[in-house]
Amino acid sequence: MAPLNVEDFRILARRRLPRGMFEYVDRGTEDEVGLRSVHSGLEQVKLRPRVLNDVSAPDTSTVVLGDALPMPVIVSPTAVAGLLWHDGEVQLARAARRAGIPFCVATQSMTTMEEIAERAPGANLWFQLYVFEDRKIGWQLLERAKALGIRNLLFTVDTARSPKKEWNTRNGFGIPIQPSLVGAMDLLVHPRWTLSVMARYMLTTGIPVYAHYPPEYLTRMTRASAMPNVKLARKLTWDDVDEVRRRWDGNLVIKGVMDREDAQQAVLRGADGIVVSCHGGRNLDASPPALQVLPGIADAVGHKLTVLADSGIRRGSHIAKFLACGARAVLVGRAPLYGMAASGEQGAHAVLEILREELDHCMAFTGHGSLDTITRDVIAREC
Ligand SMILES: Cc1cc2nc3c(=O)[nH]c(=O)nc-3n(C[C@H](O)[C@H](O)[C@H](O)COP(=O)(O)O)c2cc1C
């Protein structure tokens, strides 16, 4: 039977991808307490069913940072999406274009932003910046994004260390990819992926690389250790935000803000937006879920900048819950990746369409003809 929901696509992705790669995408960090609470937190929030409103055609459209979007969703930046399907980033950009929503190109993409723009013309591209020990690499990327006409920059600030993903040590998968017996066996038992993705790269462009790294540092994904200069910055401070603000005159959105004081600081530093995100339960295992801290942050700064949020979205009702808690729109990371890993652009687009349709249903059952009325009041309270 054709996949009916995001979980169906997740199961297909699990079958198709080498185990190490699937777990890299799917799992959390350390004991996965953070990841579990992302999902249980979303389940615990209940919405008020309302009846006898005209919900014949709920309008899921919105405006985010000046862009009119048919639904309040942005495809989140995900490193190495290009390993899940041949030319994965191009497929994701095309799927987002079909859905009419933005696709955020990651710094650690396998395909350059220029190539994505060329092969997915008309896609609404955003760019996600990681800052490296060698700052000038990031500043050059900003210039390239500007030259392409990209207006929205997500500056990710929540990854001061590489998180502890113990199963990836055990299953032999890591970035950069290191040859191992477990990894080789994994490829052998997933021939569809090995032939359609890795073998295809090897026969065409060669082993995938982090395409945005400058030629002098271009790091093959299989090299045992990356050069120190292209490691993500361990010392990242508000001075870096100031520097990015000076260099970027488009919209600057700080991604990974989970605290009200940090959100207030983002306002003071001139950010146009923040993404309230616990990185999908992939960084600090002891973190609360983004949904839990969102209302306090939205109350504090929602009138001063655009509040976006992510982590855990697998259903249209999850989008409604994030909006009810104060987000203008949400980002989705794994959901479209599952779709793409299952069947490329078609699968990623099907996931986005499922989310849109489920959001429409959720709006109908809660009595909302437009997103404007989805406020805190939509959340069911104990009587
Ligand atoms: C495989 C994978 C790679 C990711 N890489 C990045 C990245 O390079 N930069 C970034 O800002 N966030 C990255 N993220 C986090 C996502 O942008 C997003 O915040 C998170 O996935 C949202 O949670 P969700 O996957 O439950 O939707 C990554 C997430 C995944 C699953």
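Using N, Cα and C of the backbone, Cβ positions are placed for all residues, glycine too.
Values in this document were obtained by computation on a predicted structure and should not be read as measured data.
Pulled from TrEMBL, these are the features on record:
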ACT_SITE  H279  active site, proton acceptor
BINDING   Y24, H279, R282  glyoxylate binding site
BINDING   77-79, Q128, Y130, T156, K255, S277, 310-314, 333-334  FMN binding site
DOMAIN    1-383  domain 'FMN hydroxy acid dehydrogenase'
Nearest of the recorded positions (Y24, H279, R282) to P77 (FMN binding site) - Cα to Cα: H279
Can you tell me whether DSSP puts R282 (glyoxylate binding site) in helix, strand or coil? coil
For Y24 (glyoxylate binding site), the number of other Cβ atoms found within 10 Å of its own Cβ: 22
Looking only at Y24, H279, R282, the residues listed as binding glyoxylate, what is the longest Cα to Cα distance in Å? 13
Roughly how many Å lie between the Cα atoms of R334 (FMN binding site) and Y24 (glyoxylate binding site), rounded to a whole value? 11
Around the Cβ of Y130 (FMN binding site), other Cβ atoms within 10 Å, all chains included, total 21
Show me the subset of Y24, H279, R282 whose Cα is within 10 Å of G312 (FMN binding site); these are the recorded positions I mean. H279
Separation of alpha carbons, Y24 (glyoxylate binding site) and Y130 (FMN binding site) (Å): 19
